[in-house]
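Structure first, commentary second.
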Amino acid sequence: MALEQALQAARRGDLDVLRSLHAAGLLGPSLRDSLDALPVHHAARSGKLHCLRYLVEEVALPAVSRARNGATPAHDAAATGYLSCLQWLLTQGGCRVQEKDNSGATVLHLAARFGHPDVVKWLLYQGGANSAITTDTGALPIHYAAAKGDLPSLKLLVGHYPEGVNAQTNNGATPLYLACQEGHLEVTKYLVQECSADPHLRAQDGMTPLHAAAQMGHNPVLVWLVSFADVSFSEQDHDGATAMHFAASRGHTKVLSWLLLHGAEISQDLWGGTPLHDAAENGELECCQILAVNGAGLDVRDHDGYTAADLAEFNGHTHCSRYLRTVQTLSLEHRVLSRDQSMDLEAKQLDSGMSSPNTTMSVQPMTFDLGSPTSTFSNYDSCSSSHSSSKGQRSNRGIPGARAADLQSYMDMLNPEKSLPRGKLGKPSPPPPPPPPPPSFPPPPPPTGTQPPPPPPGYPAPNPPVGLHLNNIYMQTKNKLRHVEVDSLKEPKVELNDQFAQPSSGDGHSGLHRQDSGLLRQDSELLHRQELLRHSTGLRRQDSDRKQRSFSKQPSTGDYYRQLGRSPGEPLAARPGMAHSEEAALLPGNHVHNGCSADSKASRELPPPPPPPPLPEALSSPPPAPPLPIEGAGAACGQRRSSSSTGKVRVLRHRKSTKSFNMMSPTGDNSELLAEIKAGKSLKPTPQSKGLTTVFSGSGQPASQPESPQPLVSPAPSRTRSPTPPASGSQPLLNGSVVPAPPATPAPGVHLDVEALIPTLDEQGRPIPEWKRQVMVRKLQQKMQEEEEQRRKEEEEEARLASLPAWRRDILRKKLEEEREQKRKEEERQKLEEIQRAKEQSEKLRTLGYDEAKLAPWQRQVILKKGEIPK
């Protein structure tokens with residue numbers, strides 16, 4: 001009780017309570033909170049100078065006492081920005097400006113770390129601070145200021161120690177690298193333009209600032225670096241990964257689209273993986289779509305022999321594997337229509353962009369590694385992106401036979417090939433069990449006055465329902481990983497001002513192993529293996545040395561500084577808005593995998609588990625893609641079902657926006673999509689072959705008829721067309737006569753009797769004059785010729801554009817679309833003028849007293865020209 005009162009009084013500045021507690025003899029050096037902080041620490045971090053002086057001068061509490069992490073009250077005052085308390089502690093309290101906490105951080109590091117330029121200025125020019133001192137991880141105060149985005153503090157530090165502009169931490173991170181990683185565009189500009197920071201310096205794993213910006217989804221920073229810093233798209237890290245690999249692996253669609261639009265090449269890394277492999281492996285469906293329609297090889301295999309679809313299926317991303325196998329048989333021009341229509345909402349992933357204003361946030365759970373530069377400065381001793389190689393890091397230590405047998409039996413249970421019934425594997429199913437014998441007692445007589453009951457069935461009663469087949473358990477288990485997360489993991493970006501530097505106590509291994517996507521399912525059949533699952537969360541493919549390109553971070557132990565603004569009695573994990581590492585910091589030394597803490601020592605004792613089930617043999621030569629789901633056919637629509645321009649289909653976009661994403665270009669050009677919607681029987685893009693035959697009446701108004709359904713045999717997915725509407729009540733009338741449904745536009749070289757399409761009788765059964773039928777025939781022939789000519793031009797245009805790169809083809813196609821739009825507007829304007837002119841002519845005829853319905857066309861023209869009919 002006294003502890004809570006003392007801490008609250010120190011934080012509120014309640015000097016009377018402190019005096020009463022001191023009078024009662026309750027204030028002493030042993031009065032510490034859960035992190036070994038004295039009331040002196042709380043007064044300093046709250047800026048209550050009068051309480052601080054009272055506790056030090058009258059109560060005689062030591063002003064140089066240290067908390068559990070080695071922080072003095074001066075460290076607390078610097079971290080919270082209370083300059084007056086810091087000045088008193090350094091000048092009269094006995095604290096020294098160069099004192100370090102357990103991580104090697106001084107008060108200057110903390111002031112820069114938390115963005116207090118006034119404190120930084122006083123320490124540099126009056127407090128005697130040394131800006132060249134590094135922490136245990138090699139971080140200078142300038143690194144902290146760059147990562148924080150504090151430009152005023154950064155300018156002060158650069159002016160005081162200009163040699164730190166290109167200084168690297170123990171893992172090779174420079175201030176520019178950290179600024180790009182955190183998305184601070186103004187800091188990036190300042191470092192490159194005014195401080196001549198080198199944008200080509202690499203971290204220990206070979207990553208450059210361009211890679212860091214692409215990995216975190218900071219599109220403005222990436223665009224500026226490419227435009228003004230003379231960096232190349234093709235720069236590779238030590239594993240051969242480019243910026244496109246990092247953007248695709250994290251689902252940054254805007255970054256990926258910009259790279260493709262500006263000429264970045266789709267290349268392979270040292271493990272044979274393309275950006276499509278990384279996107280599929282991490283379940284980033286929209287990135288897979290962007291890469292597929294921009295020419296990424298769907299059948300490219302990495303050095304382990306896996307295609308992108310294989311990796312997606314292996315990691316449980318069925319929506320990605322289904323899409324990739326569907327579009328594998330399609331040409332590049334038709335992949336835009338091959339969206340996965342059957343994907344459920346829960347399978348959608350949110351765009352995993354970070355703090356960039358042009359990107360969105362991700363809720364994809366991730367693990368955290370102590371060696372990642374994307375963590376905090378506590379982790380700068382092994383700045384490796386998760387993308388570095390894991391070759392040679394497999395443990396060969398043995399485990400007891402019983403545990404190995406348990407692990408093998410568990411993997412066998414997850415193997416659908418071993419757990420499926422024989423009938424599922426293509427072998428003959430065993431015969432059904434014989435029906436049970438009839439009962440030995442006679443049935444009761446039926447009640448009188450009712451009909452006799454029906455005879456008993458001749459088949460056995462159904463078996464009671466059993467649990468899911470093990471193959472279903474396997475898939476559900478794999479898919480469960482993305483949902484096993486604590487609330488704090490929903491914020492993937494751990495802000496640097498929510499954690500602080502501590503020396504990493506991990507095993508020095510950075511990066512995320514390729515993990516089985518769901519070993520955390522709490523199922524009734526898996527509960528007895530819970531202990532085994534806790535130690536096998538980090539399973540990875542035995543036959544693969546290529547790491548999943550998704551950086552990981554482990555929480556640091558710097559929870560002391562993160563709780564400076566917390567109330568004394570408030571639990572650390574209960575504070576709203578707390579970062580992930582704050583919640584996990586109460587368990588120092590434990591690695592957190594997918595939201596569950598695991599014993600690091602026990603996990604290190606376990607060797608890698610047996611290999612996961614092999615891929616089915618059929619995957620080496622994928623079968624033809626199945627047809628896409630059939631949408632309900634409309635009664636008067638003969639076109640193909642639109643995949644993005646209509647609102648009837650599910651939106652594939654698994655990001656925050658509800659707008660359909662155009663797969664060919666980030667600029668929203670839908671020309672190929674519209675062309676395919678209007679295509680005829682073949683899959684070639686023939687925008688004017690609409691599958692419709694237009695018949696003109698005598699007044700020039702068109703009447704459209706849907707085409708008759710034609711059987712379509714193609715290995716590629718096809719969309720079902722609407723059937724021909726019934727003749728009763730739904731077909732249009734032409735001069736009063738029912739028009740038969742004409743066939744589709746004939747293929748080139750096929751003769752079509754146009755005259756047979758024109759009716760001979762009107763709606764009252766009277767014959768149509770021959771001259772009127774001939775006029776209708778000529779108009780129909782002219783229209784068909786125009787359509788055929790337009791179709792030919794469109795085919796030639798598409799053939800010419802197909803040989804161009806995707807980004808240039810997109811620009812030209814957009815330009816052509818703008819020209820078509822201008823032409824369409826001009827035609828609409830002319831049509832409106834013709835309608836207006838016809839109205840004026842009709843009004844003139846009525847004014848002259850003529851009945852327009854009784855005039856022949858030549859008489860009408862003469863009257864309008866001369867004002868009367870010649871005698």
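Using N, Cα and C of the backbone, Cβ positions are placed for all residues, glycine too.
Marked as repeat 'ANK 1' by Swiss-Prot: 1-31. On the 0 to 100 pLDDT scale, the repeat 'ANK 1' (1-31) averages 89 in this prediction.
Taken from Swiss-Prot, the feature repeat 'ANK 2' covers 35-66. Outside the repeat 'ANK 2' (35-66), and at least 6 residues removed from its termini, the chain residues within Cβ reach (under 8 Å) are 6-7, 9-15, 18-19, 22, 27-29, 72-74, 76-77, 79-80, 82, 84-86, 88-89, 93-95, 101, 559-560, 563-565, 568.
Sequence annotations record features per position, and here Swiss-Prot assigns repeat 'ANK 3' to 69-99.
Summarising the annotation, Swiss-Prot assigns repeat 'ANK 4' to 103-132.
Feature annotation from Swiss-Prot assigns repeat 'ANK 5' to 137-167.
Residues or ranges marked as repeat 'ANK 6' in Swiss-Prot: 171-201.
Feature annotation from Swiss-Prot assigns repeat 'ANK 7' to 205-235.
Annotated repeat 'ANK 8' per Swiss-Prot: 239-268, in sequence order.
Among the features that Swiss-Prot reports, repeat 'ANK 9' is placed at 271-300.
Taken from Swiss-Prot, the feature region 'Disordered' applies to 349-400 (among others).
Residues or ranges marked as compositional bias 'Low complexity' in Swiss-Prot: 377-395.
If you look up Swiss-Prot, you'll see 416-469 (among others) marked as region 'Disordered'.
Under the heading region 'Disordered', Swiss-Prot lists 493-750 (among others).
What Swiss-Prot records for 522-548 is compositional bias 'Basic and acidic residues'.
Marked as coiled coil by Swiss-Prot: 772-848.
What Swiss-Prot records for 819-850 (among others) is region 'Disordered'.
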*Looking only at residues six or more beyond either end of the repeat 'ANK 3' (69-99), which have a C-beta under 8 A from one in the stretch?*
35, 37-38, 40-41, 43-49, 52-53, 56, 63, 105-108, 110-111, 113-114, 116, 118-119, 122-123, 127-130, 133, 500, 502, 557-558, 560-561, 564-565
*In the repeat 'ANK 2' (35-66), how many residues does DSSP put in helix, strand and coil?*
17 helix, 0 strand, 15 coil
